[in-house]
Amino acid sequence: MSDATLAADPPRLYLASASPRRRELLLQIGLTHTVLRVPAPPGEDEPQHPGEAACDYVRRTARDKAERGQAWLHSQQLPDLPLLAADTTVILDGIVLGKPADRADALRMLAALSGREHEVHAAVALCHQGRLYEDVSITRVRMRALEQAELQRYCDSGEPYGKAGAYGIQGLAGAFVSHIAGSYTGVMGLPIYETAALLRSAGIAVP
């Protein structure tokens, strides 16, 4: 199934993600789109393969999402438009921090990130006219040292859940970040510079 955007202009691409942040970022650069709700495969997030580099892992998961979306698109006989997928992963000491399973997991991740620098890898994959285009942005983020009471209040807000690394830089956790080097929109979940470059390389005009 698909959900049309509220924008009056006809959609120019499919977004294989239900993330409201990714939707907002696409609309921010004038890209009307339709959210393609692709049935998720069984199980949780795709695990990192033994020996697989974090950058390769996030690239693979974005590619898999795009390819599943393309297959679903064809199975539903929907109009053929470019299809965009993305994946974001937080990396600390070479270890992938995915979405927290529960409050204890969120507290564990946030405590590990406190006072330290980590990386956010954001991959985008575009399927268009039988070709796959992909790229990854890598951003370094430093969090200030956080008090246990702050972590508890943050978890009380509900914001950590459903987010890689248990935080969202565009929300309350923005006050935790002391330094960022790279793509702010990549940390949000969709690196706009890389996304626009992929679209242009596929011959799709970007405002």
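Heads up, the Cβ atoms here are built off N, Cα and C, so glycines get one too.
Per Swiss-Prot, the feature site 'Important for substrate specificity' maps to R21 (among others); the stated evidence is sequence analysis. Long-range C-beta contacts of R21 (site 'Important for substrate specificity'), restricted to its own chain and to partners at least six residues apart, with a cutoff below 8 Å, comprise G168, Q170, M188, G189, L190.
Annotated active site, proton acceptor per Swiss-Prot: D87, in sequence order. Within 10 Å of the C-beta atom of D87 (active site, proton acceptor) sit 25 other C-beta atoms, taking all shown protein chains into account.
Under the heading site 'Important for substrate specificity', Swiss-Prot lists T88 (among others). For T88 (site 'Important for substrate specificity'), the same-chain residues that are 6 or more apart in sequence and have a Cβ closer than 8 Å to its Cβ are V58, V120, H121, A122, A123, A164, G186, V187, G189.
Every protein chain shown contributes to the tally, and the Cβ of Q170 (site 'Important for substrate specificity') ends up with 16 other Cβ atoms within 10 Å. What Swiss-Prot records for Q170 (among others) is site 'Important for substrate specificity'.
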